[in-house]
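See below for the structure under consideration.
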Amino acid sequence: VGGHAVVERGIAEKPADLAYRTGLSRKPYHLRRAMRLPPDRHGVEVMLDPLYNKGTAYPEGERDRLGLRGLLPPTSLNHRTQIEKIMKRVRSKASDMDKNLFLRDLHDRNETLFHRVLLENIKELAPVIYTPTVGRVCQTFGSEFTRPRGMYFSSKDKNHMQAMIHNWPGKDVSVVVVTDGSRILGLGDLGANGMGIPIGKLALYVAA
């Protein structure tokens, strides 16, 4: 296998995809059937998991149940206020690249809010998440790397690929995007830095 094949998860895993595809995303966070926390998650562990983190949106009863009281500011914000605050910060950024970096940080902290923001502002944010900004994202992907996303398959893994699939933490994957990183928007072979393409493309797929 030449180069690298990179696969970003169908962000379409629970809770994000299930919520968006079934219309549950329009319900308050605490009413979603999609938000099924593993029984062993508690306190800071919940806030550090981007799949389950809601930021300041946890209602009072949920804060008590999950051991979050005192770990967050006391005011609980609804999703509308959260989205407005995020978009205000996005629009304050000087360039599309800065906006992309800010949204990637949000994606790494709170996937549900990230997809909500993108879904409700798709016309404004699509060029920031994908073309033309994604080309620059890929060129700087290595230097801006903060949190692993997707799977990487290289020639060194040719005897282990089937077993590697089982390393993926999600079981309910709806969409997979694969690239060998060799022809990224006419920029040439970017190798593992081509991961920016699957990440950006799948973000748009979820919002579509």
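Heads up, the Cβ atoms here are built off N, Cα and C, so glycines get one too.
Automated prediction, rather than curation, is the source of TrEMBL annotations.
What TrEMBL says about this protein:
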- 107-208: domain 'Malic enzyme N-terminal' (DOMAIN)
- Tyr130: active site, proton donor (ACT_SITE)
- Arg183: (S)-malate binding site (BINDING)
- Lys201: active site, proton acceptor (ACT_SITE)
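Minimal Cβ crowding within 10 Å, among the recorded positions Arg183, Lys201, is found at Arg183.
Secondary structure at Arg183 ((S)-malate binding site), taken from DSSP and collapsed to helix, strand or coil, is coil.
A Cα-Cα distance of 15 Å separates the residue listed as '(S)-malate binding site' from Tyr130 (active site, proton donor). The two recorded residues, Lys201 (active site, proton acceptor) and Tyr130 (active site, proton donor), have Cα atoms 7 Å apart. Around the residue listed as 'active site, proton donor', the C-beta neighbours below 8 angstroms that are at least 6 residues distant in the chain are Gly200, Lys201, Ala203, Leu204. Taken through DSSP, the domain 'Malic enzyme N-terminal' (107-208) splits into 53 helix, 7 strand, 42 coil.
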